[in-house]
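The compositional bias 'Basic residues' annotation in TrEMBL covers 276-285. Residues or ranges marked as domain 'Brix' by TrEMBL: 30-233. Sequence annotations record features per position, and here TrEMBL assigns region 'Disordered' to 268-305.
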């Protein structure tokens, strides 16, 4: 077994580098590495380039060919994951048995969690569709159509993988003009159709704009091949959140069906005799009444002038 020795960083740059990779309550945006296999053809290379263009700047493209087979040996993928600090990967290869092959997967603690092999049957690249493109780093809207994404376990896991891969950074707020990019996935008749559209906001004569979709590319027709899914226990462990992120339960607060918030306040029993009422001359107590309340002591007589 390999033994790793931890050494303190000698420079400030090395210290910042290690702090960046330390576990955090709010993790960084997941990066993806796109790796070309040892026998990748032109179609697979173009697919990787287009996915890289869509995923930028949260992606790393390896241009050299890497002779590895992820379903048989995963050590090289885990090495690249540590080297580039990437938790997502897309591996492209081509051979006679499995032509135009893509393997999409994700890591957990720098080990392969799950991966799914997809075959490319039809591909239209970004440059083949002569339309305007979205700026780099645009966060896409993801749409999934088809009952298979909810019924079949493999398709359900593929949906989770695709959301993880393309979701981009977590943003606190959204502006209408920023919703300009759609990735649409359709599962029907054993195939997965990936289409990408640019959202055009046209004038409609009212406050809400008229929306039109313009195909932008890339466009892929995929078929599912082999799968390597994590066990239920490991998958549950990967979804576990730290205690610091879990919302604290607020006591004595309830909501009705309309979303109205109700709060319950606990108070001590109120003494109504000490309640401050409106000050009126008619309600003012006389000296005799005050002395009776105090215990029968007579008030002192005022000195005569």
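Each residue, glycine too, has its Cβ placed from N, Cα and C.
Helix, strand and coil content of the compositional bias 'Basic residues' (276-285), in residues and according to DSSP, is 3 helix, 0 strand, 7 coil.
Per-residue confidence over the domain 'Brix' (30-233) averages 89 (mean pLDDT, predicted model).
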